[in-house]
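J.: Take this structure, written in structure tokens, and hold onto it; I'll ask about it next.
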Amino acid sequence: MNKIYEVKPHKNFKAEVEIPGSKSVANRALILSALATGKTILKNMLFSDDTRYMMKALQQLGNKIDIDEENKVVTIEGNQNRNFGECELFVGNAGTAMRFLPTYISTGKGKVILTGIERMKQRPIKDLVEALTQLDVDVNYMENNGYPPIIINANRLNGTEVTIKGNKSSQYLTSLLLSTPYGENDITINIDGNLVSIPYVNITLTMMKDFGMEIKNYNFKKFEIKSGKKYQGREYSVEGDCSSASYFFGMAAITNSEIKVNNVKKDAMQGDIKLLEVLEKMGAEVEYGENFVIVRGNGKLKGVTVDMHHMSDVAQTLAVVALFAEGKTEIKNVYNMRIKETDRIKAVYNELTKLGAKVTELEDGLIIEPVKKYNEGILIDTYDDHRMAMSFSLAGLLIPNTKINDPKCVSKTFPNYFDEFEKIYK
Ligand SMILES: O=C(O)C1=C[C@@H](OP(=O)(O)O)[C@@H](O)[C@H](O)C1
Ligand SMILES: C=C(OP(=O)(O)O)C(=O)O
């Protein structure tokens, strides 16, 4: 793929696209199957940077993984003894791998380093490290306090009670939930303060149940986990990625088009499916099928005010859609967008401003006021953030000569995004 992708303007079309498996579901499924008794066959698997890092890490940790990329199937043998020896795991910028693996590693024995790209080293991990320390895990920072890389001297998970903060990222809690059933003792997890991204914790709990594990949830304030029960290997189909689907939902809404988006469904586990409700409120039409969604735009969208605390991954999609609505859109309560692949609030502010929109950058959100005419021929910077590339591709459909810098950064979660995107011209 070229270093720059030039988007050709297009509207009033009818198209059909396929969404790959969900990164969040795939990387949870990998941890669950690595712990499970017996063999797990994962279908509709996603092959992208984030899942490849997770698979590679689990292979280095001793799991046997057979990869059949053509058929999107991965077969994994659970690893019951988890003697890891000494190794270093590199997970790029995959938050899910960096955060889910430490508790998994803590249930075994060995000396394991977890590291990633420079940006990963700026993404906090302190709340998880402090939680593991309370569970008697020997875990230390190797460079800067509070940030990866970390080193874990694992000698089984011996603690019994932990209090964790969940206001920066839900991935720390998910990490504990997925692997604490393999502690030596029963474990109680207390939540200190507010939890962000709760729908992701729900995905975790649902998937734990799918693999045979029920735990006690006291209204997301406290969880009780019994030791001794095992996940069961099984056949499992990875749900389609609703965050990846959001670009096509938004695209139909702004271009007065009809797009059938296959491999996503209304009752998906992923909270990001709820972006469809926001688009409906703005004026788009949504039709739900068995494993597809059809979105129709009708040329008249209205701006909205929306709290995206629990669906911040689709805030960038909405920010670009907002350019083409009537009236302003306010995206609220998404402070944690600043600690993702890039500072996403700043990145969106910069690029929308280059296009000529009136944008206000808030500490925890954005206000976007559309204008009658946008600047043409703008090169959009993507900050090594897949969601910048995918969401700003929508702008190019209505603003001539918009170009996307470094389009291949979509490989984090949706490597064939631009192939699917080009189906709209056929
Ligand atoms: O658990 C998960 O799979 C994820 C949780 C969210 O992160 P935070 O909990 O850090 O908001 C989300 O942004 C990320 O893309 C995936
Ligand atoms: C925030 C994201 O990823 P990560 O899993 O690295 O946190 C994302 O995919 O938008």
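The backbone N, Cα and C atoms fix where each Cβ goes, glycine too.
Automatic, uncurated: that is what TrEMBL annotation is.
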J.: Say TrEMBL lists Lys23, Gly95, Arg123, Gln171, Arg344, Lys412 as binding phosphoenolpyruvate: which of Arg156, Arg296, Arg387 is in the same site, per that record?
T.: Arg387
J.: What binding-site residues among Gly95, Arg344, Arg387, Lys412 are found with a C-alpha within 10 angstroms of that of Ser197 (3-phosphoshikimate binding site)?
T.: none
J.: Listed binding-site residues: Lys23, Arg28, Arg123, Arg387, Lys412. Which have a CB under 6 angstroms from an atom of ligand 1?
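T.: From Lys23, Arg28, Arg123, Arg387, Lys412, counting a Cβ under 6 Å from ligand 1 as near, there are none.
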J.: Let's check the environment of Lys412 (phosphoenolpyruvate binding site): how many other CB atoms sit within 10 Å of its CB?
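T.: Result for Lys412 (phosphoenolpyruvate binding site): 22 other Cβ atoms within 10 Å.
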J.: So if I draw a 10 Å sphere around the Cβ of Arg28 (3-phosphoshikimate binding site), how many other Cβ atoms end up inside it?
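T.: Neighbour count, Cβ to Cβ under the 10 Å cut-off: 27.
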